[in-house]
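Notes to accompany the following structure.
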Amino acid sequence: MKLDELPRLSLGFLPTPVEDLPTLGAEIGISLSVKRDDFTGFGGGGNKVRKLEYLMADAVARGVKVVITTGGHQSNHARMTAAAARKFGMKPILVLRGNKPASWQGNLLLDHILGAEVDFLDPDAYFEEINPRMQHHADAAEARGEKAYIIPLGGASALGAMGYVNAIRELSQQYSEMGRKAPDYICAPVGSGGTLAGMVVGCSMWWPETKVVGIAVTGSAVPFEERISVMANDAAELLGLDQRFTAEDIRIENDYIGPGYSIPSELGNAAILRVGRSEGVLLDPVYTGKAMAGILGLAETGKFEKGSDVLFVHCGGTPALFPFNDQLTSDVA
């Protein structure tokens, strides 16, 4: 298989477990399980490890000395990229949207511990500003004689998507070993789109009857359906597949973003508390809380049929809980 021919470094503690959530599932009338990609372990855990196994293999093969990436103020991807860079003797540079904080908390604290150079941009900066800033750092590194490697937002690329093509293969093997049929739906939060692109391609290979549903946690200048279908096609081409995807093949739910990216929402916060108190599973306000709010809403409105088998991909993000403690403790007397 072409997937096995692509260079890949081992970073994550894989396979991650599948955990059933029977109490919550019974409350909303579906069979609900979670793929615990918050348990990937490396660099604090999270789904970006899967992408970085392929991206860092490419960087190592190229003799890279400086790795540059971007994200939001509390980016899980940036934190894990910094950890991966250090693992392979590279310097991490993070271009983050957000003001320099008075107190470094959550992922920013971990970025500091990992020795990342952090370049803060205006919170409202767009790619027209972010991409040139990353290139500026790459050019400066090259001028010092240090080969640089830019990883796009969220590791969202055809190569990065291989991490979730492989994750679907892993899941298909786990379900087979458990004697379970493929789920009716597999759901994940959508920020940069690479995870969902990989899942779409992977499901076309191993779980063709399973519907992939993305819960948007941010807006997008280019509709997610269009962006993800392009990335999925690039990934399919990299794998030598004939399968091609259109925007109509991509299902995105946009009703759970709330006030905006990295801004906690009322529904997301409620989902965090509900899941924590019913199942002991910790979610975060930026990604997984909003995605779980989407699953709850889709089940309660009948968009997920009663009795449906739904698998939620927990992409991690626990460090991002702590900077938002005020919003999550507003009910404390």
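A Cβ is built for glycine as well, from the same backbone N, Cα and C atoms used for every other residue.
Note that TrEMBL annotation is computational and uncurated.
Features of the protein shown, as given by TrEMBL:
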DOMAIN    10-316  domain 'Tryptophan synthase beta chain-like PALP'
MOD_RES   K48  N6-(pyridoxal phosphate)lysine
ACT_SITE  S75  active site, nucleophile
- Message: Quick check for the class: what is the C-alpha distance, in angstrom and rounded, between K48 (N6-(pyridoxal phosphate)lysine) and S75 (active site, nucleophile)?
- Response: 11
- Note on the structure: Once DSSP output is merged into helix, strand and coil, the residue listed as 'N6-(pyridoxal phosphate)lysine' belongs to helix
